[in-house]
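Student: First the structure, which I've put down as structure tokens, then a few questions once you've had a look.
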Amino acid sequence: MFERLKAMLIKEFIQTFRDPRMRVVLFILPMIQTVIFGYAVNMDVRQIPTAVIDRDNSPQSRELLTVMFASGHFRQVANLDDERQASRMLDSGRIRVAIVINHGLAEKLGRGQTANVQALVDGSDSNTAGVILGYLSRFAEARNIQLLSEQASRSGGPLLPGAVRMESRAWFNPDLASPPFYVPAVIANILYIITMLLSAMAVVREKEIGTIEQVIVTPIRKYEFILGKTLPFVLIGYANVFLISLVGWLVFRVPVRGSLLLLVVATGLFLMSSLGTGLFLSTISQTQQQAKMSAFFIIFIAMLLSGFAFPVENMPEPVQWLTEINPVRWYMEIIRGLYLKGVGLLILWKQVLMLFLIGSVVLGVAVARFRKTVG
């Protein structure tokens, strides 16, 4: 048995790495993708191009703008005369927000009245617009507290009687940086793509070149054939997890805070699902092109419903039910828990259990289908 399995493993490794370009695709490109995702996929919004229409042109309005631009969130790119100019700049994408200060701001503030400042925000990108509105809201709140403090100080009264000041602290990611959130997710996505595609095309390749019949008539058993076809990709998958984790630690300072053993076990359970899906696709595909198209269709849906960019909790309830059978979702929750929070099996037991159940069903169906097809 072991000699036959060894021969199958050697054959599969030779076929996989025969083309030097394949080595680059399997090991170098995932690391490059990690770096690109870490730097390019960034939800932090800073230096927002901003135009100003200051009709009041008073010391108070200039101070207001100075404080706003000193925060680093906004960057002034133009001084405008009217809203028509702002509209044209918003249409062209040269600015994301226009601040309009009308006449009478200094006068109203001097009398202790509320002065309105208008913000015209580009809402074509709803996520960025929401972040900008949040920045403006927090800035206005902080500015109001400062003005009330100054007014109370001038009148000789107590500073902000009855006011509440919120002191916030972000756990697990104090700087609210994007790489610690996205780099672990890249591991799940790349691992799913590579292992599913490799396993889907491995058997189909044998069909295309006509060697699967030759392999079947040899003394090798069906389960040995399946192991020989999938074990190399298990090793490649673990190698990718190690390399991407190394890049995440060296480049983005995103270490594994949790149990390495749990990471290894969870990765193995996740590979059951990805390799099982690929093996199943290989039984229903006649060409490598069919296998690729089917795999990418499943990969696209799995990534979309994984929580990679959009929280599962924000999805419609029927879609949330659908994510229950998505192994990428559970593996991504595990890997983010290990990298960001450093939690263990006591917290992640449900995700591990779901991976085991999904992997067992998918791999079991794939093996049964493969046996039937070969038979």
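Every residue gets a Cβ built from N, Cα and C, even glycine.
Computed from a predicted structure; not experimentally measured.
Feature list, courtesy of TrEMBL:
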TRANSMEM  21-41  transmembrane segment
DOMAIN    129-373  domain 'ABC transmembrane type-2'
TRANSMEM  181-204  transmembrane segment
TRANSMEM  231-252  transmembrane segment
TRANSMEM  258-281  transmembrane segment
TRANSMEM  293-312  transmembrane segment
TRANSMEM  347-368  transmembrane segment
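Help me picture where these features are in the structure shown.
Tutor: Panel annotation: around the transmembrane segment (231-252), residues 9, 12-13, 16, 26-27, 30-31, 34-35, 38, 179-180, 183-184, 186-187, 190-191, 194-195, 198-199, 202, 263-264, 267-268, 271, 274-275, 339 of the same chain, lying at least six beyond its termini, place a Cβ under 8 Å from a Cβ of the stretch.
Long-range contacts of the transmembrane segment (258-281) within the same chain: residues 188, 191-192, 195-203, 226, 229-230, 233-234, 237-238, 241, 291, 294-295, 298, 327, 330-331, 334-335, 337-339, 341-345, 348, 351-352, 355-356, 358-360, 362-367, 369-370, each at least 6 residues beyond the stretch ends and with a Cβ under 8 Å from a Cβ of the stretch.
Residues 182, 185, 188-189, 192-193, 196-197, 200, 277-278, 281, 284-285, 319-320, 322-323, 326-329, 332-333 of the same chain sit 6 or more residues outside the transmembrane segment (293-312) yet have a Cβ under 8 Å from a Cβ within it.
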